[in-house]
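Quick notes on the structure that follows.
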Amino acid sequence: MLIYLLRRIASAVSVIVVTLVASFGLFFVAPTDPAGVICGQRCTPERYADISASLNLDEPVVQQVGEYLKGLVAGRTYHSGGLTIDCDAPCLGYSYTLGQPVTKLIGQALPVTVSIVLGGAVVYLAVGILAGVVAARRRGTYLDRIMVGTSLGINAVPYFVLALLVALYATFLPHAGYHPLLENPLTWAVGLLAAWLTLGVANAAAYTRYARASMIETLGEDYIRTARAKGISERRVVYRHGLRAAVTPIATIFGLDLAFQLTGAIFTEAMFGLPGLGVLTLRAFNQYDLPVLMAGVLIGSVVLVAMNLLVDILYTILDPRVRLG
Amino acid sequence: MTEPQLLETPDREPGGTSEPGVRKPQTVARTRRRGGDDRSAETPYLQVRDLTVTFPTADGPVRAVQGLSYTLSLGRTLAVVGESGSGKSVSSMAIMGLHDPSSTRITGSISVGGQEIVGMSPAQLRRHRGGTAAMIFQDPPSSLHPYFTVGDQIVEAYRAHHKVSKRVARDRAVDLLGRVGIPNPRRRLDDHPHQFSGGMRQRAMIAMALVNDPKLLIADEPTTALDVTVQAQILDLIMDLQQDFGSAVLFITHDLGVVAEIADDVLVMYGGRAVEHGRVEAILGRPQHPYTWGLLESIPAVSGEPTRLHPIPGLPPSLLALPTGCSFHPRCEFAGRLDGACTRELPDLISRAADTTRTSRCHLPDPEQVFQTEILPRLP
Ligand SMILES: Nc1ncnc2c1ncn2[C@@H]1O[C@H](COP(=O)(O)OP(=O)(O)O)[C@@H](O)[C@H]1O
Ligand code: SF4
Ligand SMILES: [Mg+2]
């Protein structure tokens, strides 16, 4: 188990490094004038020189990557307008357009995105799984058909339209905004409610169908009949014996969805004015802020790889028949 | 129907099989009592009367069981045989009260220990299931929950009927696992089913079924998925435990070899109906129904020689539209002899010979003679 984990982590790290190098090449080597791009529209010659020097753009590519990696583990310094800026490890670079170390920018944006995505996940997992179980138990009835129909209907609406609808019509919801959790959990939750609801409704629709299908399959299993034959209550049969087995395949979907949402919460963030990763990356994209874009790619690959690993580990916890190795 | 009378069998051993106090299920000699106690004076523990089970489907009602009646006393074993789809499982699930009331129509009467099961409230049914009656299912790999330990599952079964602590229930589970012949039961309690072999899983299944001392044990093809040696061990175990617990055993199988081994009485089912019923010696030795003959002809001989199997020609009938008259007529080689009676009229399940303990459902006027002269010479 431990060896397996170490092997998986090693391979995860190598995937991330490869992504890093590839995106480095894409952003810093391919453009004919990366310093000019990073410098932006109102570029002064001094700033241009600062950027070139800070990013070692005159040196060979290998050394540039080396500096970048070194920055990640040991930190590095940047020069801007005669000032020396210390960028502590893990240094993801310096945004000349925003005048901030990228690590700080990410550090501000990441909690916002994580809050949105995890809070939304709680909503859609709870609603979706519960609704799916109810629909599965009443399979073929009108209730079941209404639930499946509604779920398909919701998913037929593009996500950004759904977010727009919530933003426009759910005016009874408190005003959206991000307040750090540690400062005041209540204002944190209140400010995120609209985003959670949007993400929750959209995904609950899909999760209702996943849970329904998984539950129908599970309820047809022989061990469910065995459980009934013991004389335990039907609720125990469904929720202890049925749901326990039915959530396993859902966990896989969830892990990948979570990775996807963490890297792509852009609509939700933009619609509700929440300064998350998606908004940060989009701004960086519009302003050719290469260091920030680069960090976005890095975070994305870390999230994806980590989620994959997490799902595999979760699987062995959920299903005792699966052994790592 | 009259309760069959005591009937001596040649291999009868009055003392039972094992010495008191010594339980080695794996090695119990395969000699056995049969029809040991004469309990005909008592009311049978299980009484099924005119049971009909129908599933409404999009294509119309599926009549899985029709007009089924039989009785079973404590200490006795009734084997229910028939091809797959003949209604064996559906009828026994009805006895357990396992059918979903919203999608099943059950009429008739099932009395277990004097309690009527048909129409019982869900709360009463819960007490019945696993309490007075327990069931062992065919395929242990899929009949035990893969995510829970064997111990958890037995403990849960016990605690569903006994208000005891987990500890007490665990001790009980250990006791039962030991009794069904699982070595090191306390340690194996925390294993998951996939860590057990097929035979061990079936033993665990049996332990789970017996944990509440049910008076009625239903075994639905409990050995079908197992290899021959393990199969024999499991049969021995069930017979052995039946003696200890004194329960009534309803044993479903399509293997007539197994029937000869364990049953006191036999019920042959075809297309949801009983077609022949009686003592095991009578049904296997002098069967009266052409379908039973077909079953006998289709058993492979036990000896090592290459055997010629005669499966019954044709397919089991559709339960949506049973053939008119005798449901077996499209597949029966004797149907032509009876002037169309077979296609016109459903024969009654009645006694057709001097022996009134047995009944069959066939128009043939002289079934025993046909068996002696035409079927017996063909048997392997
Ligand atoms: N829930 C159900 N709905 C419709 N048909 C069913 C249902 N359960 C069983 N049947 C049908 O009833 C018939 C008898 O099944 P069963 O009792 O399982 O046969 P077997 O004798 O092999 O145990 C089969 O044809 C089966 O398809
Ligand atoms: S009644 Fe006719 S068709 Fe049915 S089993 Fe007897 S002989 Fe065959
Ligand atoms: Mg069956």
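Yeah, the Cβs are placed from backbone N, Cα and C, and that goes for glycine too.
Per TrEMBL, the feature domain 'ABC transmembrane type-1' maps to A:110-315.
Long-range Cβ contacts of the transmembrane segment (A:12-30) within its own chain (Cβ-Cβ under 8 Å, at least 6 residues beyond either end) map to 55, 57, 61, 64-65, 68-69, 290, 293-294, 297-298, 301-302, 305-306, 308-309. As annotated by TrEMBL, transmembrane segment applies to A:12-30 (among others).
With a cut-off of 8 Å between Cβ atoms, the residues of this chain six or more beyond the transmembrane segment (A:112-135) that come close are 143-144, 147-148, 151, 178, 181, 188-189, 192, 195-215, 238-239, 242-243, 246-247, 250, 254, 258, 261-262, 265, 268-269, 274-278. The transmembrane segment annotation in TrEMBL covers A:112-135 (among others).
When Cβ-Cβ distances below 8 Å are used as the criterion, the transmembrane segment (A:156-174) is approached by residues 190-191, 193-194, 197-198, 201-202, 267-268, 271-272 of the same chain, each at least six residues removed from its ends. Annotation source TrEMBL lists transmembrane segment at A:156-174 (among others).
Per TrEMBL, transmembrane segment is recorded for A:186-206 (among others). Residues 115-117, 119-124, 127-128, 131, 150-155, 159, 162-163, 166-167, 170, 173-180, 257, 261, 265, 268-269, 271-272, 274 of the same chain, all 6+ positions outside the transmembrane segment (A:186-206), place their C-beta atoms under 8 angstroms from a C-beta of that stretch.
For the transmembrane segment (A:245-272), same-chain residues at least 6 beyond its ends with a Cβ under 8 Å from one of its own Cβ atoms are 112-114, 116-117, 120-121, 125, 129, 133, 159-160, 163-164, 166-167, 176-177, 194-195, 198-199, 203, 207, 210-211, 214-215, 217-218, 221, 223, 278-279, 281-282, 299-300, 303-304, 306-308, 310-311, 314-315, 318-319. TrEMBL lists A:245-272 (among others) with the feature transmembrane segment.
Per TrEMBL, transmembrane segment is recorded for A:292-318 (among others).
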